[in-house]
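> Checked Swiss-Prot, it gives:
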ACT_SITE  His48  active site, proton acceptor
BINDING   Glu152, Asp178  divalent metal cation binding site
SITE      Arg73  site 'Transition state stabilizer'
SITE      Asp87  site 'Increases basicity of active site His'
Amino acid sequence: MPAPLNTFKKSLSEGETLFGCWMSIAESYTAEILGNAGFDWLLIDGEHSPNDVRSIRDQMIALKSSDSHPIIRVPVGETWIIKQMLDLGAQTILVPMVETAEQAQELVRACRYPPEGRRGVGYAVGRASGFGQIDNYGPTADAQTCLLVQVENKTGLYNLDAILAVDGVDGVFIGPADLSASLGYLGQTMHPDIQATILKTIKRISDSGKAAGILTTDDGMIQASLDAGARFVAVAMDIAMLLNTGKSIAAKWKQG
């Protein structure tokens with residue numbers, strides 16, 4: 001039995017556009033709820049959210065029966081944490097702050113078993129292989145692993161073409177918040193200069209043949225990103241949905 005099919009990677013390879021939601025609450029219960037909402041993918045954030053290995057595992061278990069594909073953003077691009085996430089059953093990894101082709105190449109190696117990579121071999125006791133029940137997991141896992149890298153500062157932009165040329169990088173995700181800060185517009189992701197830079201970057205990624213991704217909840221920017229060639233777009237955030245809905249209801253009934 002081979003490794004499970006990565007439906008997210010397959011859909012990207014077939015030219016589909018996929019819409020997702022950013023999950024920062026770090027709870028399996030909310031993950032399970034959003035897994036029934038109809039998003040193509042759900043991002044479990046290990047960088048800016050109070051997640052650890054066990055909470056990420058629990059959210060992945062909660063999404064097991066969902067059609068929404070879990071993407072795991074690791075806190076840093078280190079081999080040890082990527083290995084843990086893959087052994088837990090993650091098939092799509094998002095790595096923040098990728099600045100060079102050399103860094104991207106190391107990340108590719110971290111996601112692959114030897115001889116092509118340096119992922120540690122321990123799948124016999126891992127959730128990814130059904131705790132050893134998927135007998136052909138090792139030889140087939142690499143083909144079902146999807147690596148997404150984040151370009152989110154001036155250095156990454158400067159080296160974008162070289163990063164895009166790295167075999168094994170499946171997509172490049174734009175980080176608007178860090179990118180705007182790096183370009184001197186901290187907290188101004190909707191500044192016209194930042195938006196123009198983002199859209200040009202999305203087009204460069206798309207023109208290279210790689211999948212371009214972004215997080216934005218602004219309808220106009222979502223459409224502009226799609227028009228520029230974005231293929232996986234986070235159009236919602238769990239915290240924002242909860243907070244904004246709560247504020248709206250509270251304000252409605254407290255007006256008097």
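Think of each number as a place in line: the chain as shown, counted from 1.
Using N, Cα and C of the backbone, Cβ positions are placed for all residues, glycine too.
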> Around Arg73 (site 'Transition state stabilizer'), how many other CB atoms lie within 10 A of its CB?
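I count 24 other Cβ atoms within 10 Å of it.
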> Give me the long-range Cβ neighbours of the residue listed as 'active site, proton acceptor': same chain, 6+ apart, Cβ under 8 Å, in sequence order.
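Spatial neighbours, sequence-distant, of the residue listed as 'active site, proton acceptor': Ser24.
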> Between the Cα atoms of Asp178 (divalent metal cation binding site) and Asp87 (site 'Increases basicity of active site His'), find the distance and write it as a whole number of Å.
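Their Cα atoms are separated by 29 Å.
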